[in-house]
Amino acid sequence: MGLSVLLFSVFFFGSDLLAYLMGDHQLAPLIKVSAGLFLFVPVLAVYRGFFQGELRLEPTAFSQLLEQIVRVAVIILSAVLFQKGWLGIYQTGALASFGAIFGAFAAMIILFFYGKSEKIHICFSPRREGKILSSHLFKRFLVEGGIICSYSALLVLFQLVDSFVLKNGLVFGGMEEVLAKTIKGAYDRGQPLAQVGLVISSAFATSHLPRLTLLRENKNITSYQATFQRLMKVVVVIGSAAAVGLSMLLPELNRGLFGDGKENVSISLFMGVVFLLSVIQVLQIIGQTKHSYKLLLRAFFYGLIAKVILSFPLTYLYGTVGASVSTLLGLTLTYAVLYRQLYRKEVGKKSRYLWQLLFSLSMMCIGIQMYRWLWRLLMLENDSRVMSLLFSLSGAVVGLGVFLFSIIIIGLFEQEEWKMLPFGERFADFKLKKVTQMRLDKFLKVSRLIKRRTVAKEVADKGRITINGQVAKSSSKVAVDDQLSILFGNKTLVVKVLALHESTKKEDAAKMYEVIEETKAAE
């Protein structure tokens, strides 16, 4: 709470200085209004964290939904008042900024209601347990919470750098001040568009943090690495599809949402942050589970410093395109440091699916472009905002459909990877014939755990295999999620059944199970 008051004071009373550094003293009232949001953050964070710690997502979900509804309503109101001529540009911005405060207040009321109904009281004053102040917990909160917040706010911090550099860099490069402000405003359109893609991928990545942490704490390294690898692959696919899709639809999105096509090139480049930040979030989560806090901080500051150093010269030379490039280079540096130290050392395998992903992305781009040509052939021009929005929405559906069809046909995802996605199980069995049960000896042969079925039958009938702790025979049935313990030769292998199919391909055999434990008998 003290930190939030301090930050509020810094931004509220330092608003004039900050506005001057941004190159526009009329921004001071907007900064003062935005500073008020700091006062709500501790209450919202603690209540939401408490409920999520109890694995209850309803209070957080409802509070966030109400917060965004109120916020958007105030923003729409400010836009209407501006169109009527009742408010100026800066007054409109100040009122729109109040939307975040009103939304936070509404969310706080909802959380208080949930807390009161369940007789939950959260104390914000420092407490002592005996005579010992819990400095250890405070240190963990500061380090771990600080890292999570820093990475969550990485895009906002990069935007903060642009707030100080972009307009001044354009003016220094010879552009008139009024035009520079207009260009800066158009360039900032990329932020909400990027957030749309990031919300999906980041929420997906964060939802798997508890499972990864549990596997790490239980020292189940094999399952941990397999889950990490699958999560990374899925996020790479989702993030790249979102980034490329937004870039392809950007001309119509820009016109439909904002009324013109300004800064299409720079915003299209900016959409690359969706992919980079998606994979950075996954790597950050892995770093958290491994307690690699120094590495996370180092990678974070490398990227931020690179953004600060590169922004002005690239903006001066190439305008808003240079600003987008500086953002991408800064994020790429953060990604490269984390990838090298976390993914390569933890998994060590090279990604063999990238060519398949590139093919699917190419098919999506071709599909959207062909749909654009068909749209124009039918004389459905995108000159109006309504038609542009209709094309954007329908084009997104077309692009998603082509991409899904492509990755299903080429088998980009394994069954366990499909299951990570909402409704993914519906697509998991499109490629392979769906099998719900299989004889044990056949499973051992098809999965190549024991290559000869006669040997598999012999091992099973000698009571050397158990299914979920029960001694099995060769005729016993195996189902998905069963756990098998196999004593074969001088080793015991514990595997989890991931999928059942009758494919004879070697690459499909490895997808049928996951090794949980492997031990050798003492000689």
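The backbone N, Cα and C atoms fix where each Cβ goes, and this holds for glycine too.
Small disclaimer: the values here were computed from a predicted structure and weren't measured.
According to TrEMBL, the features are:
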- 438-501: domain 'RNA-binding S4' (DOMAIN)
- 29-47: transmembrane segment (TRANSMEM)
- 68-87: transmembrane segment (TRANSMEM)
- 93-114: transmembrane segment (TRANSMEM)
- 141-161: transmembrane segment (TRANSMEM)
- 193-210: transmembrane segment (TRANSMEM)
- 231-250: transmembrane segment (TRANSMEM)
- 265-283: transmembrane segment (TRANSMEM)
- 295-317: transmembrane segment (TRANSMEM)
- 323-342: transmembrane segment (TRANSMEM)
- 354-374: transmembrane segment (TRANSMEM)
- 386-413: transmembrane segment (TRANSMEM)
DSSP helix/strand/coil residue counts for the domain 'RNA-binding S4' (438-501): 16 helix, 23 strand, 25 coil
Ranked first among 68-87, 231-250, 265-283, 323-342 for CB pairs under 8 angstroms with the transmembrane segment (386-413): 231-250
Per Cβ pairs under 8 Å, the stretch of 29-47, 141-161, 354-374 packing most closely against the transmembrane segment (295-317): 141-161
Cβ pairs under 8 Å between the transmembrane segment (68-87) and the transmembrane segment (93-114), at least three: yes
Contacting positions for the transmembrane segment (323-342) when only residues 6+ beyond its ends and CB under 8 Å are counted: 154, 158, 162, 165-166, 169, 187, 190, 266-267, 269-270, 272-273, 276-277, 279-280, 283-284, 286-287, 290, 292, 295-296, 298-300, 302-304, 306-307, 310-311, 314-315
Residues from the same chain, set at least six apart from the ends of the transmembrane segment (354-374), whose C-beta lies under 8 A from its own: 236-237, 240-241, 244-245, 248-249, 391, 394-395, 398-399, 401-403, 406-407, 410-412
Distant-in-sequence neighbours of the transmembrane segment (231-250), which means Cβ under 8 A and at least six residues beyond its ends: 193-194, 196-197, 200-201, 204-205, 208, 212, 264, 267-269, 271-279, 281-283, 343, 347, 351, 353, 357, 360-361, 364-365, 368-369, 391-392, 395-396, 399-400, 403, 407, 412-413, 417, 420-421
Overall pLDDT for the domain 'RNA-binding S4' (438-501), taken as the rounded mean: 82
